[in-house]
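Enquirer: Dropping a structure here in structure tokens format, bear with me for questions.
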Amino acid sequence: MTKKISLLGATGSIGTQTLDILKLHQDHFVLEAISIGKNLTLGLEIIHTFLPKIVSVIDKDSCDYLRANVPSQVKVVYGEEGILEVAAENDADVLVNAVMGSVGLKPTLKAIEAGKTIAIANKETLVTAGHIVMSEAKKYDVSILPVDSEHSAIFQCLQGQDKKRLERIILTASGGSFRDKTRKELIGVTVEDALKHPNWTMGAKITIDSATMMNKGLEVIEAHHLFDMPYEKIDVVLHKESIVHSLVEFEDTSMIAQLGSPDMRVPIQYALTYPERLALPISKRLNLMEIGMLHFAPVSFERYRCLQFAYEAGKIGGTMTTVLNAANEEAVQLFLLKRIQFLEIEDLIEKALENHSPISNPDLETIIDVDRQTRSFIRSLV
Ligand SMILES: NC(=O)C1=CN([C@@H]2O[C@H](COP(=O)(O)OP(=O)(O)OC[C@H]3O[C@@H](n4cnc5c(N)ncnc54)[C@H](OP(=O)(O)O)[C@@H]3O)[C@@H](O)[C@H]2O)C=CC1
Ligand SMILES: CC(=O)[C@@H](O)[C@H](O)COP(=O)(O)O
Ligand SMILES: [Mn+2]
């Protein structure tokens, strides 16, 4: 049977790789609706190739422009209402959430209410409000399928296993673009250098997160929610090759890992075909003889302060992870705009966390409020 897909963030790194999968398996998937951001040129190309029924853009000007340039059967909508329509008000079976940032939260909740399966790449949504997302998913009996490579790895390792006997989750971390630098050597590093990830080609924000190791911090919180694991049982290990995508350990000491070439089309396709698998001839097969050796090493919280912030915020819980996420989104944006230095990212996040009095079990309105306040707090510091 053909699955109908709606896709948030179609013009991004995960978005375009999702489209690669849809193009490869046209007999299995059809693209029902998409949201795009500012990249209207690529948006138009996607629309003409896939002819989705609904397209959402950020503002009215972009909407007017697209309406004048797409076939009449394509409905173009905009703003928050528009992205919610793409997420929930259509015939899609699966929502692939590949937007960047906590802007993905409301559409995810709407799609859950509408009973859609969620394939989630957008980790910020789980970090800012994972407790709401997971409890809504339970209430509406909706599956949240991980797309993030580490979480897909864990999810794959857990298939057919007795989850009551799960002892530990081990997330692998590449160390990012500055993995071979000391803290002292991080002074004055450039945006251009920070954007050179050693193993993955990704959007700008996640690439910077990877360099600060906040990405792994966000992934620890993401794993806590997706797999209902306490923070004490989630570890991070440095693994510079990004071949072992993550591991699980059981009470009987057995460990299971998932390996593969660093190619996001693998976890994206798995989320779309789950519980089945399809061939993926466009991805490079792993040749262990060619690789020869894999490396693992402990992570230092002193070297990667953002990872420690994430564990601390996660353990406190409530609005603390909302602050962590919003402060990080704003600080990374400021770094990308060259308004702050690389090491100031973590300084700003630390200040936002110190400034906040956490609220436990926050509702959606509180989360949105705290997110907004945190962003303006960060901007007031620069
Ligand atoms: N890239 C990767 O390999 C991985 C990414 N992820 C996660 O997936 C998510 C997407 O990452 P990635 O694809 O790299 O990011 P990109 O920056 O490449 O793409 C982000 C997408 O979101 C759109 N977008 C950005 N801001 C807004 C907004 N305010 N409103 C509506 N749309 C918006 C962009 O539109 P436009 O470009 O048109 O402006 C683009 O389509 C992130 O949460 C990331 O952490 C997780 C694992 C791996
Ligand atoms: C591809 C993916 O899932 C990214 O989140 C990736 O894991 C980044 O790698 P590091 O954060 O380990 O550098
Ligand atoms: Mn990841």
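Placed from the backbone N, Cα and C atoms, the Cβ positions cover glycine too.
TrEMBL labels come from automatic prediction, so no person has curated them.
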Enquirer: Of E219, E232, E241, E249, which does TrEMBL put in the Mn(2+) site with D148, E150?
Expert: E219
Enquirer: Starting from the 1-deoxy-D-xylulose 5-phosphate binding annotation in TrEMBL that includes S149, E150, S174, H197, S210, N215, K216, E219, which of K110, K116, K123, K233 is the extra site residue?
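Expert: Among the candidates, TrEMBL records only K123 at this 1-deoxy-D-xylulose 5-phosphate site.
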Enquirer: Determine which of G188, G203, G217 appears in TrEMBL for the same NADPH site as T11, G12, S13, I14, G37, K38, N39, N122, E124.
Expert: G203
Enquirer: Checking proximity to ligand 2 here: which binding-site residues out of S13, G37, E124, D148 have their Cβ closer than 6 Å to it?
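Expert: Cβ < 6 Å from ligand 2, in sequence order: D148.
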Enquirer: Compile a sequence-ordered list of residues in the same chain as N215 (1-deoxy-D-xylulose 5-phosphate binding site), six or more apart from it, whose Cβ lies below 8 A from its Cβ; state 'none' when nothing qualifies.
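Expert: The list for N215 (1-deoxy-D-xylulose 5-phosphate binding site) reads A173, G176, I206, D209, given in order along the sequence.
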Enquirer: If H, G and I count as helix, E and B as strand, and all else as coil, what does DSSP give for G37 (NADPH binding site)?
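Expert: For G37 (NADPH binding site) - judged by DSSP and reduced to three states - the answer is coil.
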Enquirer: Which one is closest to E124 (NADPH binding site) in space, judged by CA to CA distance, out of the binding-site residues D148, E150, H197, E219?
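Expert: Nearest in space to E124 (NADPH binding site), counting only the binding-site residues, is E219.
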Enquirer: What subset of the binding-site residues T11, S13, G37, N39, D148 lies within 10 angstroms of K123 (1-deoxy-D-xylulose 5-phosphate binding site) at the C-alpha level?
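Expert: Among T11, S13, G37, N39, D148, the ones whose Cα sits within 10 Å of that of K123 (1-deoxy-D-xylulose 5-phosphate binding site) are D148.
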Enquirer: Cβ distance under 8 Å to E219 (1-deoxy-D-xylulose 5-phosphate binding site), same chain, sequence separation 6 or more: which residues?
Expert: K123, D148, E150, H151, L171
